[in-house]
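Novice: Got a structure here, written out as C-alpha cells. Questions coming.
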C-alpha cells in the first residue's frame, strides 16, 4: 500500500488555510508540529539521549527548535546546529527558550560522532533541489552522510525532491520520517526499513476530506501515529 | 505533605517572565496549558465522552478552549458554554478552530444534566472573590453545584480564593484539579479525594528554582503528572 499524500502545492495551501480561515497562529502550529517530532523521537529512540538537531533557515527548522525544547524537558540532551539564524521574532524567541534551558548551540560539526541521533530539520516540503543545495547545508548533509548515526527527518529528508524522492547530494535514507499534517509524495520513495510516523493531530475530518488525506487513527493523547506500509 | 505552591503574585510574575525574557508567546503557553488540561481529562475520565466546557472571559477560559479542541480531536464530544466572549484575536481564533471542528457552542445550561463531565475553566489564579462573582458566572456555578456531574477544574476551582480556598458562592469541590505551571496555595485546601495533576512541563530547572517550585518528575512525553498528598 502507498500513503495518501499531500503534494507540495496542497501542503502549502493547507498551511495557508490553517493560518487564515483555520484560525491557527504559526506559533500554535509549530508548537504542535515540534511536539509531534519530539514524540516520534521518544517512541523511536527512547534510549538515545545525545541528540544533534540540524536546523535550517525556514519553518522546518522551527519545528526542530520546538522539538529540541520538548526533548530537553523530557530528559534528553539536545544540541543545536543552526548556521543560518532566522531574524523573525518567533524564531528568535524559540532560540531564547532553548538558551534558557542551557541547550548548547554548536558552531561546527567537528564532533558530530559524539551524538547518538540526528534530527534533520533542515529543509521541508518547499525545498526545490533544482538549484542545488546551498552552503553550508550541502556540506552539512555530506558530513552527516559520512556517519552511521541514526537520522530522524522532519517532514521530508533534506535535499530530496518532495515528489520524486532522493536526489544526488541529498541526505542518506533516514531511519525515521515524521510526516507533518500528512505524508508528502516523498514518503512513497523512502526505504521500506524507514519507520514512518505521521503527526497531524491538529486537523479535523472536514479539513482532511477537503485535502484528500486520511483521518488517521491516532491513539490516546498521542500527537503521532506510526504508519505501516503493509 | 503539602504542595510547594506559587502564590497568585508569583504566578503572575512567572507568566510575565515566560512571555518576556522567556521568549514564549501566549499562543504557545496556552496551547501547552490546554493540552495539559486535555491530557489530565483523558487520564482521569477515559470513558466519559460528553464534556461540557465552561469558559470564562480570561486566560483560564482560553485554556479550556484549547483543551476542548484537543479533546474533540481525541474522540471526545465537547460542548462549550462561553457567555462572555473575549474580543482578543487569540480567543476569536480559538473559537474559529472549534467551530471548524463542529464543536457546539450552547447558549444555556438547561440541558446540563446531559453531560458526563464538566471542565471548569471559568476563573484562574487572578480571580478575587471579595467583590462577589459577577453574573452570569454566579448562576453558572450554582447550576453546576446542583448537579452531581464530575468536575475538572483548571488551575483553581472557580470562585475560590487562590490563597484561602473555598468561599461561599464558589464551585463545589472538584473531582480533579489541574494546576498549571505549579500548584497555587488553594491546592492545599481541596478535598483529599480530589485527584490533583500538575501541568507545567514547559519550564526548566532554573526557572523552577527561581520561583521556589518543584521540578516535577513527569513521565515519557506526558504534559501532566498526577501528584499525591502522601
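Each Cβ is built from the backbone N, Cα and C atoms, and glycine gets one as well.
Look at TrEMBL and you will find A:59, A:60, A:61, A:62, A:63, A:155 tagged as (6S)-NADPHX binding site. Per TrEMBL, K(+) binding site is recorded for A:60, A:120, A:158. Residues annotated as domain 'YjeF N-terminal' in TrEMBL: A:11-215.
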Novice: Quick one: what's DSSP say for residue A:120 (K(+) binding site), helix, strand or coil?
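Specialist: It is in a strand.
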Novice: Return only the integer: C-alpha distance in Å from residue A:120 (K(+) binding site) to residue A:62 ((6S)-NADPHX binding site).
Specialist: 11
Novice: Cβ within 8 Å of the (6S)-NADPHX site centroid (A:59, A:60, A:61, A:62, A:63, A:155 excluded): which residues?
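Specialist: Not counting the recorded site residues, we get A:30, A:33, A:56, A:58, A:64, A:121, A:124, A:154.
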Novice: Over the residue list A:59, A:60, A:61, A:62, A:63, A:155, recorded for (6S)-NADPHX, what is the maximum interresidue Cα distance in Å?
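Specialist: Value for the max Cα separation, rounded to a whole number: 12 Å.
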Novice: Looking only at Cβ atoms, how many others are within 10 Å of the one on residue A:62 ((6S)-NADPHX binding site)?
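Specialist: Other Cβ atoms within 10 Å of residue A:62 ((6S)-NADPHX binding site): 27.
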Novice: When a 10 Å sphere is centred on the Cβ of residue A:158 (K(+) binding site), how many other Cβ atoms does it contain?
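Specialist: Its Cβ shell of radius 10 Å holds 26 other Cβ atoms.
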Novice: On the 0 to 100 scale, where does the mean pLDDT of the domain 'YjeF N-terminal' (A:11-215) fall?
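Specialist: That stretch averages a pLDDT of 97.
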Novice: I want to check the contact list for residue A:63 ((6S)-NADPHX binding site): same chain, sequence separation of six or more, C-beta distance under 8 angstroms. What comes out?
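Specialist: Same-chain residues close to residue A:63 ((6S)-NADPHX binding site) (Cβ under 8 Å, separated by 6 or more) are A:30, A:33, A:34, A:37, A:121, A:124, A:154, A:155, A:180.
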